[in-house]
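Record features (Swiss-Prot):
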BINDING   Gly394, Gly395, Ser396, Gly397, Ser398, Gly399, Lys400, Ser401  ATP 1 binding site
BINDING   Gly1030, Thr1031, Ser1032, Gly1033, Ser1034, Gly1035, Lys1036, Ser1037  ATP 2 binding site
DOMAIN    359-595  domain 'ABC transporter 1'
DOMAIN    672-960  domain 'ABC transmembrane type-1 2'
DOMAIN    995-1233  domain 'ABC transporter 2'
CARBOHYD  Asn70  N-linked glycosylation site
CARBOHYD  Asn542  N-linked glycosylation site
CARBOHYD  Asn609  N-linked glycosylation site
CARBOHYD  Asn642  N-linked glycosylation site
CARBOHYD  Asn769  N-linked glycosylation site
CARBOHYD  Asn1015  N-linked glycosylation site
TRANSMEM  36-56  transmembrane segment
TRANSMEM  81-101  transmembrane segment
TRANSMEM  158-180  transmembrane segment
TRANSMEM  184-206  transmembrane segment
TRANSMEM  264-284  transmembrane segment
TRANSMEM  296-316  transmembrane segment
TRANSMEM  681-701  transmembrane segment
TRANSMEM  714-734  transmembrane segment
TRANSMEM  793-815  transmembrane segment
TRANSMEM  817-839  transmembrane segment
TRANSMEM  896-919  transmembrane segment
TRANSMEM  923-943  transmembrane segment
Amino acid sequence: MGKEDEKESGRDKMKSFGSIRSIFMHADGVDWILMALGLIGAVGDGFITPVVVFIFNTLLNNLGTSSSNNKTFMQTISKNVVALLYVACGSWVICFLEGYCWTRTGERQAARMREKYLRAVLRQDVGYFDLHVTSTSDVITSISSDSLVIQDFLSEKLPNFLMNASAFVASYIVSFILMWRLTIVGFPFIILLLVPGLMYGRALVSISRKIHEQYNEAGSIAEQAISSVRTVYAFGSENKMIGKFSTALRGSVKLGLRQGLAKGITIGSNGVTHAIWAFLTWYGSRLVMNHGSKGGTVFVVISCITYGGVSLGQSLSNLKYFSEAFVAWERILEVIKRVPDIDSNKKEGQILERMKGEVEFNHVKFTYLSRPETTIFDDLCLKIPAGKTVALVGGSGSGKSTVISLLQRFYDPIAGEILIDGVSIDKLQVNWLRSQMGLVSQEPVLFATSITENILFGKEDASLDEVVEAAKASNAHTFISQFPLGYKTQVGERGVQMSGGQKQRIAIARAIIKSPKILLLDEATSALDSESERVVQESLDNASIGRTTIVIAHRLSTIRNADVICVIHNGQIVETGSHEELLKRIDGQYTSLVSLQQMENEESNVNINVSVTKDQVMSLSKDFKYSQHNSIGSTSSSIVTNVSDLIPNDNQPLVPSFTRLMVMNRPEWKHALYGCLSAALVGVLQPVSAYSAGSVISVFFLTSHDQIKEKTRIYVLLFVGLAIFSFLVNISQHYGFAYMGEYLTKRIREQMLSKILTFEVNWFDIDDNSSGAICSRLAKDANVVRSMVGDRMSLLVQTISAVIIACIIGLVIAWRLAIVMISVQPLIVVCFYTQRVLLKSLSEKASKAQDESSKLAAEAVSNIRTITAFSSQERIIKLLKKVQEGPRRESVHRSWLAGIVLGTSRSLITCTSALNFWYGGRLIADGKIVSKAFFEIFLIFVTTGRVIADAGTMTTDLARGLDAVGSVFAVLDRCTTIEPKNPDGYVAEKIKGQITFLNVDFAYPTRPDVVIFENFSIEIDEGKSTAIVGTSGSGKSTIIGLIERFYDPLKGTVKIDGRDIRSYHLRSLRKYISLVSQEPMLFAGTIRENIMYGGTSDKIDESEIIEAAKAANAHDFITSLSNGYDTNCGDKGVQLSGGQKQRIAIARAVLKNPSVLLLDEATSALDSKSERVVQDALERVMVGRTSIMIAHRLSTIQNCDMIVVLGKGKIVESGTHSSLLEKGPTGTYFSLAGIQRTLC
């Protein structure tokens, strides 16, 4: 109950966070100064127009009196022109402050916020991520889309709001000064303008939150698909993923339409300003007739009140951005403010002066928060003496890895305590505690950076010599040195550029470099080949000397030298003792496990006594090292020249095509039609209302009261009609464009993901195309396009319509004045266009930084356990700062440019008003136009100029939108080098499984200097089982990659059933091929859903799923879970143990009933008992199928029809298990078998 109460109180606190001040919590002293100056600029910007209108007051009254003569009239003109020019100069300074200060502080605060957010995410305990299965996509969204929303709010939307709000206030100040009676009467009408905006803001918060939840669900699906793209491709699950993605997006479309309707009602309600003008015109006429008020002053006051109302409407339209910023900020602040139960930032806690390393679990009870109904430990008691090696063995899912997690304080026990040197670990400083431990996990986690940087995660201040020594100790130095870039070689996202054994050795080096007091080895050698395992095991044995070591292993041969071996069963220690002591217990569980593994090894010997001397072992090791080095050195020159052909040029300039975007919107043409028509009619409203307002002024100077009453009645009815018309067309406009934007966004997201899932695997190997960066583009680009189509396009149509109508009316009324006024408008347009072009050129690096930040954040969350174990949070933050260094410098230039362009634009508007004012006065003085025509045209073009200026404020959004359009079509137009849906491809009704590699040359496109195969040939008979063995990194897994056609060879061909694999329809071919990878990739969903990914049809019976699970020895543990097959696997299967994940992956492969079965270390993560049963199941499944098995453990491949030993990128020898052993000590396979026997 306590935790629930805490959660509730936490929610209550969160409600108070969404205040305007909380958004500025990342501002420092400089930012507050910038915001203060920016506030002055924004408020001053709002005062400019009311001040200009105030200047008009004298002119209008002079124009309305018959006593005005040419001399006094021109003096008045000159006086006002000079005043306007002063205002123009002042407006440049004010608007420069507004543009520079807000842009600068927005980018500064956003960068600081991203850092604090990522720091807060990395601060959370592991249990937080267990409960948030979409945590990776959450972080990608917040670090990219949410931070961008807040940055836009600070840089542009907030100053716009302040400017409009101050314009509203300034207008009423001027009005009150000039005519307080009319102002007081008009003031209560503010309520009519406030209520719709406030209601819209409240509704939008709720809708925005729901839209984010829908997007987040869809983003999680996309992130899973992209990060596990090999699994998706192998099982032909592209359409399933796209279908789930599309379904998740449907809810957001409906919510988006509700949002558009709400916006239309709100903006339409602002048409009440026309009704207000109607009333004030009527009341003003009464003041003129009954109180002798001056007509010009009445008109100026009404204009100010109306302008103030329009400005208020503009500011209320910005409530959308306030709401979006608050919603985005709540999501970010929720994480920033969350203090985890196990806080790595907490500096309090005891630090032991001299740590011995004695570990004790005292009556520990534990369950995972994500599975509270499943008890892992009920009363665990375990004592590990200092400096001793203790091995934990037991069935998969028995809780072995949980011991390590508890010791590192990933979690805290529900009851009991864990002691180190007699001190409870919850009393020790968390970071110091973890710094005393070195962890090598079952599934090695590497970061998308260089090998050196990955090893330095273990010890930040280590020297290069220490890095090399650690690599040597883990047997990694040799293969690292063979790379052209050596230790600077990039490992790729999730270490994809390295083989499993290479990744594991780098991970071991990372653990060794910190010289820990306690060494934690969770299946540390499971991915290594026999020769590497022997050397690494010796290294680990040496590293264990003098320090407490906890070893988890399924292969009992690796733990026989442990001081103490503990057998865990059902969360209890059932047996304890040394290897020899436990073997004395004939009926003991450990004895049965050893017997089971010995049976496998004895069978592998087939009654042949294998005896290998240490010299032969070392000789073999040297031969393999030499052969690898030799093959690389001798073949690189002949192949490198061809690799570039396989690397597509994705650096083509992005060419946005708005026409193509509209073609994509073709299905919504009806909504587009009435949306555009409505927007055009909204545009007509502006010049028509301005024309009417200009005409009203002449009414106030009429001498006949009857005429004043009659004409006032006409204009009042006209304004009321405009109010009703505005309400209706705004609803139609915003709903129509919302419909267009939402469905276009959904279509873009679907098509982008669909297209991305056709790209060759190598595209995903490139650093810029990490899952984080791609998901960021999916979220950000589509959102920007929606904003451009839904909001900006409607404003563009509106503006064009207003300009056309204004020009027509102006030319009809007074063509001379109209031509001058029209000719100066392009200056404003050019100024804003310059802003767009220059800001676009400077925004590219900032956009790249966003992608880099998203990529880094996604990788950090995906590997949170490794980061937590090594206390590497600060290292990740340093990497984040590094990727933002360049964009931070560019932001300074962007800020200066924003200030200069905005200041110039605003001052130009005032200067053009001065010019129009002067020239119009000259025409009146010369008798070429009447004053009424001047008022009409002047107001039409002043208000139209404001419309153009408002449209100009969207140039940044348009620039960003066009960039996003270019980015979208860059993805949609990209031609993959391996087309999975080639319509001309051969669709086989059945595959026999005859596989041929003929003279194949291959090197990975991202590492063209490292040759894997040269002139490689192999024949794999249909229906037969073939095992591939060899040293780690020798190309075993590459064979599977080529068969799955993840890659194409540089030369030669890969054939299936005698047909070049490139001639097949790839997706149909993959239906007949099943893959079980070395590192099983599961998706967030239930166990049932994960197994069903192996189905080739949409309808799969429950009995088929259960049979597949039974074949993989998964059924029993699944049914033992409280939710059975409906148990949620968590993000990437985090809720399951390694063995459980592997068995589900095997069940998924079995369900496919393939013709070709590919097993890449399929049983490496299983304990002995499970491995035996699963191995039997696999052997049954392999019967009658072409099976290719990659294994380091030779006992698992002894029954294969053919065993192939790789070396030098060629086949060293091949044959059956017995025939290869008959070659004796001269045979490579014989030597490998001997090495494994010496390890047993």
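Using N, Cα and C of the backbone, Cβ positions are placed for all residues, glycine too.
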Integer Å distance between the CA atoms belonging to Gly1030 (ATP 2 binding site) and Gly397 (ATP 1 binding site):
30
Beyond the flanks of the transmembrane segment (296-316) by 6 or more, those residues with Cβ under 8 Å of it:
46, 49-50, 53-54, 56-64, 160-161, 164-165, 167-172, 174-175, 178-179, 182-183, 186, 189-190, 193-194, 196-197, 200, 266-267, 270, 273, 276-277, 280-281, 284, 287-288, 693, 696-697, 700, 939, 950
In whole Å, how far does the CA atom of Ser1034 (ATP 2 binding site) lie from that of Asn1015 (N-linked glycosylation site)?
15
Which residues does Gly1035 (ATP 2 binding site) neighbour through Cβ under 8 Å, counting only same-chain ones at least six apart?
Phe1002, Ile1012, Phe1013, Leu1206, Gly1209
I'm trying to understand the geometry here, so how far is the Cα atom of Asn1015 (N-linked glycosylation site) from the Cα atom of Lys1036 (ATP 2 binding site), in Å to the nearest whole number?
15
Grab the same-chain neighbours of the transmembrane segment (681-701) for me: Cβ-Cβ under 8 Å, and only residues 6 or more beyond its ends, written as numbers and ranges.
60, 64-65, 271, 274, 277, 281, 284-285, 288, 295-296, 298-299, 302-303, 306, 707-708, 711-712, 715, 718-719, 722, 725-726, 729-730, 733, 797-803, 805-806, 809, 931-932, 935-940, 942-944, 947
Which listed residue (Ser398, Asn542, Ser1034, Ser1037) has most other Cβ within 10 Å, given these are recorded positions:
Ser1034
Helix, strand or coil at Ser396 (ATP 1 binding site) [DSSP, three-state]:
coil
Please tell me whether the transmembrane segment (36-56) and the transmembrane segment (264-284) touch - that is, whether there are at least 3 C-beta pairs under 8 Å between them, with each pair 6 or more apart in sequence.
no
Given Asn769 (N-linked glycosylation site) and Gly1030 (ATP 2 binding site), what distance in Å do their CA atoms have, once rounded to a whole number?
31
Cβ-Cβ under 8 Å with the transmembrane segment (81-101): same-chain residues at least 6 beyond its ends:
34-35, 37-38, 40-42, 44-45, 48, 51-52, 55, 159, 163, 895-896, 898-908, 910-911, 913-914, 917-918
Ranked by the number of other Cβ atoms within 10 Å of their own Cβ, which of the binding-site residues Gly394, Gly395, Gly397 ranks first?
Gly394
With an 8 Å cut-off on Cβ-Cβ distance and a minimum sequence separation of at least 6, pull the same-chain contacts of Lys400 (ATP 1 binding site), or say none.
Leu392, Val393, Gly394, Asp522, Ile552, Ile568
